[in-house]
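As recorded in TrEMBL:
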{"type": "TRANSMEM", "residues": "6-27", "note": "transmembrane segment"}
{"type": "TRANSMEM", "residues": "34-53", "note": "transmembrane segment"}
{"type": "TRANSMEM", "residues": "65-84", "note": "transmembrane segment"}
{"type": "TRANSMEM", "residues": "91-112", "note": "transmembrane segment"}
{"type": "TRANSMEM", "residues": "118-136", "note": "transmembrane segment"}
{"type": "TRANSMEM", "residues": "157-176", "note": "transmembrane segment"}
{"type": "TRANSMEM", "residues": "182-201", "note": "transmembrane segment"}
{"type": "TRANSMEM", "residues": "213-232", "note": "transmembrane segment"}
{"type": "TRANSMEM", "residues": "238-258", "note": "transmembrane segment"}
Amino acid sequence: MEVPLSWQLAKLAVSIGMVLGLGAIAVRVSPRVAGLLAGYPLGTAIALFFIGLELSPGFAAESAVHTLAGFTATLALGGGYLLAGRRPGLPGVLAGTAAGLVAFLAVSLVLTRVEFDRLTGTLTTLVAIALFTWLYRRVPESVARPGGRFSWTALTVRALLAAVIIFVITGLAHVLPAAWAGVMAAFPVTMYPFLVILHLTHGPDPVATVIKHYPMGLGALLCYALCVSFTYPTLGLALGTLAGFAVATLWLLAWTRLQAWQGSRRARNASTRGASGRT
């Protein structure tokens with residue numbers, strides 16, 4: 001099917017605007033709000049939406065079922081990058097990217113040979129989340145040092161890279177079966193460019209910290225993919241996408257409240273132990 005130029009331009013504008021918009025929010029509103037928005041399944045949403053627009057909502061819904069399991073391949077990409085991308089600068093980025101892509105494709109090859117349904121796809125990724133969280137338990141925490149003025153150049157490069165990835169994913173969907181299209185839609189469209197820029201500007205240590213915490217941030221992505229697998233055939237692409245974002249929003253709000261509650265509880269316990277130690 002030949003894709004109209006207007007759709008291609010819309011895809012380009014949405015892909016670039018997604019990343020630039022988050023950057024503007026981080027600078028002009030607050031990093032906290034930007035961090036909350038970064039938890040949205042933006043890359044996956046754009047990929048599945050345009051797959052549905054260019055092919056059919058039914059094909060996109062079927063692909064979304066495989067996206068649920070495909071996040072396991074995304075975790076493998078992070079693991080490959082972490083293992084190989086330990087050098088600073090461009091050599092580390094290239095080595096990490098190569099290893100990450102090999103890991104992603106290897107796991108994808110296995111996943112696409114399995115007939116997943118919504119339950120087994122979700123359970124597969126939940127098991128992978130638990131496994132990678134355990135594997136990353138000894139990865140040291142590192143915080144990126146402030147790098148001076150905000151770099152719109154770096155953000156633009158990140159946006160263009162995200163747009164290229166979206167075009168590759170949606171283009172492959174025209175020649176690949178739904179299983180492969182779904183797994184490709186799980187590719188970390190926004191996270192991977194972020195890792196590249198972070199690696200080039202701050203070195204491999206902060207990148208390792210981002211990868212360490214990535215598994216626990218997959219909840220909104222799982223909720224979104226699960227929701228649109230139901231809503232695309234029944235509500236259509238527009239309403240189905242809105243429903244997916246609504247479910248992802250509820251998850252993020254619940255998750256942030258849980259984290260805040262756990263943080264306050266740990267603080268109270270620490271203060272209680274400190275007070276008892278002084279008596």
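The count begins at 1 with the first shown residue.
Just so it is clear, glycine is given a Cβ too, placed from its N, Cα and C backbone atoms.
Unlike curated records, TrEMBL annotations are generated automatically.
Of the candidate ranges 91-112, 118-136, 182-201, 238-258, 91-112 contributes the most Cβ pairs within a distance under 8 Å of the transmembrane segment (65-84).
Here the transmembrane segment (182-201) touches the transmembrane segment (91-112). Their Cβ atoms form 3 or more pairs under 8 Å, with each pair 6 or more residues apart. Within its own chain, the transmembrane segment (91-112) is flanked in space by residues 66, 69-70, 72-74, 76-85, 124, 177, 179-180, 183-184, 187, 192, 195-196, 199-200, 203-204, 207, which lie at least six positions past its ends and keep a Cβ under 8 Å from the stretch. Distant neighbours of the transmembrane segment (238-258): 36, 39-41, 45, 49, 57, 219-221, 223-228, 231-232; these residues of the same chain sit at least 6 beyond its ends, with a Cβ under 8 Å from one of its Cβ atoms. Sequence-distant contacts of the transmembrane segment (157-176), counting only residues of its own chain at least 6 positions beyond either end whose CB sits under 8 Å from a CB of the stretch, comprise 1, 11-12, 15-20, 43, 46-47, 50-51, 54-55, 59, 63, 184-185, 187, 189-190, 192-194, 196-197.
Residues of the same chain lying 6 or more positions beyond the ends of the transmembrane segment (118-136) and with a Cβ under 8 Å from any Cβ of it are 65-69, 71-72, 75, 78-79, 82, 111, 211-212, 215-216, 218, 222, 226, 229.
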